[in-house]
Amino acid sequence: MSNTKDNFNVADLTAALGAGDREDLVNALKNKLQDITGKPTNVLECLSPNVRKRVEVLKEIQSQHDELEAKFYEERAVLEAKYQKLYQPLYTKRFDIVNGVVEVNTSETEAAAMDQDEDEDAVGKGVPDFWLIAMKNNDVLSEEITERDEGALKFLKDIKWAKIDNPKGFKLEFFFDTNPYFTNTVLTKTYHMIDEDEPILEKALGTEIEWYPGKCLTQKILKKKPKKGSKNAKPITKTEQCESFFNFFSPPQVPEDEEDIDEDAAEELQSLMEQDYDIGSTIRDKIISHAVSWFTGEAAEDDFADLEDDDDDDEEDDDDEDEEEEDDEDDEDEEDEDDTNTKKKSSAVRKRGVRAHAPAGGQAGERPPECKQQ
């Protein structure tokens, strides 16, 4: 593929993301294709009149389908909004228990057993490290959480999400107790979507974290001793970015000018944006709605079981393919043998074909390595 084509793919994708309009993306693709080929991209012009009429009817059918699909999305949005309201009282109860605002009712026998087993003052109230443990039990999020992050995430009291309408998208809110790391009590992450029904991300915005001096978890300070004989005897300090969950609140940004980014940088940017959205959607769709199951590890086991089922299905498919290959080879061997027998009927000794067994199916469904957000 030529550099011209490569540049058009990435540049137009970036331009469309920045413009926030899918129609711009389609038009850009058409224009570039026309520039490259020098021909219009209207397929209908290349068809015979009869075929063109049939395609026009198919387009009318597609329009009817699109109208129904639009109604489906509208009704689904109303239904989702209804149940989000019904969920809220449950989330409030969860917050109160996790943070020790209320105590669960226990029978006298259970209370006596608790008094014997542990000192209530030593244990404290609520469920310590609830959100930290829940997130660490998820494969996607555990890759982002470093040991340094854990101290700050112990102060996480609640996570909420809500849809936003202008522009379309959703917002995550992380509520923190007073802590020695930063002054913010709420950290937000907002995703602006080009199309809410199909997850096409335009951009993401995060809260600027107000770190206390020397407590920034997204940077590390390197000290280097001066060279011998140097006039400056003080050590040289250098600040570098480091891996941290809190980089999540500094998402990758799309340049406004497409000329500011080359092909390699555009591919890396797209990968980072996909990874960032994966983290956000995991928190929204899995952690918030099933927090206690992630805390206990049950949700992780269910995820692992689903992954194993997928692996088994893939291995069965591989075995079926291997059997088909063996059958095909058997058929070919028989055909070859028949041909040989026909050609060499007078021969007293005929060589028998040797079956070449296909190798057994390998490990299927392996997950690609996940990159950590820098």
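Each residue, glycine too, has its Cβ placed from N, Cα and C.
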| To which of the residue ranges 47-62, 191-206, 207-222 does Swiss-Prot assign the term motif 'Nuclear export signal'? | 47-62
| task | With Swiss-Prot as the source, identify the stretch among 26-80, 136-190 annotated coiled coil. | result | 26-80
